[in-house]
Amino acid sequence: MNALNQQYEEKVRPCIDLIDSLRSLGVEKDLALPAIAVIGDQSSGKSSVLEALSGVALPRGSGIVTRCPLELKMKRKNEGEEWYGKITYIGFEENIKDPADVEKKIREAQNKIAGPGSGISEDLISLEIASPDVPDLTLIDLPGIARVAVKGQPENIGDQIKRLIQKFITKQETISLVVVPCNVDIATTEALNMAQRVDPDGERTLGILTKPDLVDKGTEETVVDIVHNEVIHLKKGYMIVKCRGQKEITEKVSLTEAIEREKAFFNDHVFFHTLYNDGHATVPKLAEKLTLELVHHIEKSLPRLEEQIEKKLIETQVELNKYGNGPPPDTSERLGFLIDRVTAFTQDAISLTSGEELKSGVRLNIFSMLRKEFAAWKEMIERSGVTFNWNIEKEVAQYERKYRGRELPGFINYKTFEVMVPGFVNYKTFEGMVKEQIKQLEEPAVLKLKEVAEIVKKELFKVAQNSFVGFPNLMRAAKMMIEAIRKEKEIVAESMLRTQFKMESIVYTQDSTYSKKLGKRKREDLQDGVTGLGTQVKLNTSSTVGNNGTGATLKEMLKHLKSYYQIAGQRLADQIPLVIRYQMLQESAVQLQREMLQMLQDKEKNKVLLHEDSGITNKRIHLQKRLERLSKARLLLTDFSMNIYNFNTTQL
C-alpha cells in the first residue's frame, strides 16, 4: 500500500466513510449505494482473496461457506495502532478483540440469520476491520454459485444464490468483482456470465484471476492474454493474484508471509513476471486498484445519489402527510384531534358537492359525471318528443287513409274524426294526450335519481377514505352515515319528483311563452315547407295532410301539441336535475356535516372512533424513520461536498 501517497490517503477515507455511513443509516433500503460486490463460482478462490485483503481468516470449507451477504469494511490505521474489529447484524453488535475470532463470529452470525445447515439469507452481516495492514476499502462478499445441491441444501439452492447475486449486481451503482480460477475456461464460468448479462459492455466489471500456480503447462500465455484484456474485454480490466492454498493454510503460513511468497512467485515466473511489472499482479496491487476504482465510482455516483435522496425525501414527506401525525397520546388533546379530522372531512364533502377544490388536495370532480347524467336525461326527453310527434302524425295519416268518406276535400266528417282522432276537436282531449306522454318520463326520472345518488355516495366514500386513513372505525361510521343520508334524501327527492310530475298533469304555461313557442314553430314549418320534423306524411296518391282542408286543420293542431310538449320538456330537463342536485348534493352534505359533529358528543364512542389501524401506525413509523435517515443522509452529503469539493481523484 506504499504506492498510496499522503494526499490520496487523506481523500480516500472520507469517500469510503461517506458510503459506509449512508449504508449504516440504512439508506440502502431506499436507494442503491456505490459498492463493490465480490462474486464467483464455488471453489473459485474468492474467500482466499478476501482473506488476503482483510488479513483475517474467513469461513472456509466445502459447499456454501458464505451464506449471507458479508459487508467487509476495511479501514487503514496508522502504524503501531491496535487491530480493531466489530460485527453487526439484524440489530446485534459485538466488538471483536482478536483477529482469530473473526471466522467463528461470522459463522455464529450466519447460523442466527440463516439457521443451522447450508441455507442462505439476504440479510446483511457487516464486518468492520481497522488495522495498519488493510487498505481503505469496502467490499460486499456474496455466496459462491453452487451448481448442484448437496445434502442439507434445498434443491433450488443454485437459483436462490443467483437471485441474491442478481439483486446486487443489477444495480448500476455496483461494481462486480468477478473471481475466476486460472485453471478453468473463463468463458464457461457462471459468475462472469451473470456479470455480462447485466453489464454487457463491461463498464462496471473487474476480473480477478486466482490460482495461477495450478495453470497447466502450455496455457500460461492464454492467462497473460486474459489479463491483458485480449480474450473477454472488460473496461476495468483484470488482475491476477496468488493467495494461500490449502497446504499453506495447513502449514499455518501467515498472511504477511503469503504476500511475500506471492510477490516472489510473480517476479520469478517466466510468463507472469510481465504482469507483475505492469502492476496487474499481487494482492497489494489489487488493493490499490480496488480502492481507486471504488473512490472513482463513488465520486461519479454522488450527483445522482444526491438527486435520488432529494426525490425520495419529497416522496416520503408526501406519503407521510397522507397518514398525518396519528392520534395524540394525551386524552385532553384527542377530542381536538378528532374534531379537526371530522371538520376537514365535512368541509371536503361540502366542497365536493358544490364543485369547489378539496382542501385535502384529492382530485375529485363529481360535476363532470353529473353533467353527463343530466345531458343523457335531456336527450331522453328529446327522443320522447320525437316519438310523440311521430305518433301524432301517424294517427292523422291513418285517419286520412281509412276514414275519409264521401266528403269533398276541405270538408270533415266530425263524428268520425272525433271518435278516431281524439284531441283535435276539444281541449280536454288535447290535455289528455300531453299528460299521457309526459307521464311516461316519470319512472326514467326516478331511475336517474337513483343513478345519481349512487354516484354521489361513491364519491363521498372516496372523500371519507382519504380523510380517515388509518382509522377504520371512523371511516366505517362516516360511510354508514353517508349511506343512511343517501337513503333518506333519495326518498325525499323521489317524492319531490313525483310531485313535479303530478303538477305537470296540469297543462299550463304563460300565454306569452306559449305564443312565442307556437309562433316560432309556425315560422319553422313555413320555412321548411313540411310538417312536424320536416317529413311530409303521404296520405294517398291524390291528397296529403298539407293540401286540403282536413290537412290544414290537423296541421294546426299538431303545432299546438308539439309546441306545448317542447315547453314542458324543457321545464323537466331543468327541474329534475335541480331537485336531484338540491337533495342529493347540497342537502346531503349539510346534513352529513351536522350529524358528524353531533356524533362527537359521545365521549365513549370517540375512544372507539380514534382507534388506529396497527398497519397504518407501523407504516407511519416506517416513513418517519425513512425520512429521518434520508435527512441525515442529505446532511452527510452536504458536509462531504463542502469539505472535499475540490478533490479530483483523476489527479492521483
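Glycine too: its Cβ is placed from the backbone N, Cα and C atoms.
Fair warning: this is a prediction, and the values are worked out from it, not measured in the lab.
The feature region 'G5 motif', as given by Swiss-Prot for the ranges 242-245, 246-249, 266-269, 622-625, sits at 242-245.
When Swiss-Prot is compared with the stretches 210-213, 382-385, 486-489, the one noted as region 'G4 motif' is 210-213. Which of 141-144, 157-160, 569-572 counts as region 'G3 motif' depends on Swiss-Prot, and there it is 141-144. Ranked by how many other Cβ atoms sit within 10 Å of their Cβ, the binding-site residues LEU142, ILE145 place ILE145 at the bottom. Ranking the binding-site residues GLY40, PRO212 by how many other Cβ atoms lie within 10 angstroms of each Cβ puts PRO212 at the bottom. Helix, strand and coil residue tallies for the region 'G1 motif' (40-47), in that order: 2 helix, 2 strand, 4 coil [DSSP]. DSSP gives PRO212 (GTP binding site) a helix state.
The Cβ of SER43 (GTP binding site) lies under 8 Å from the Cβ of GLY144, PRO181, each of these being in the same chain and 6 or more residues away along the sequence. Under DSSP, residues within the domain 'GED' (554-645) fall into helix, strand and coil as 84 helix, 0 strand, 8 coil.
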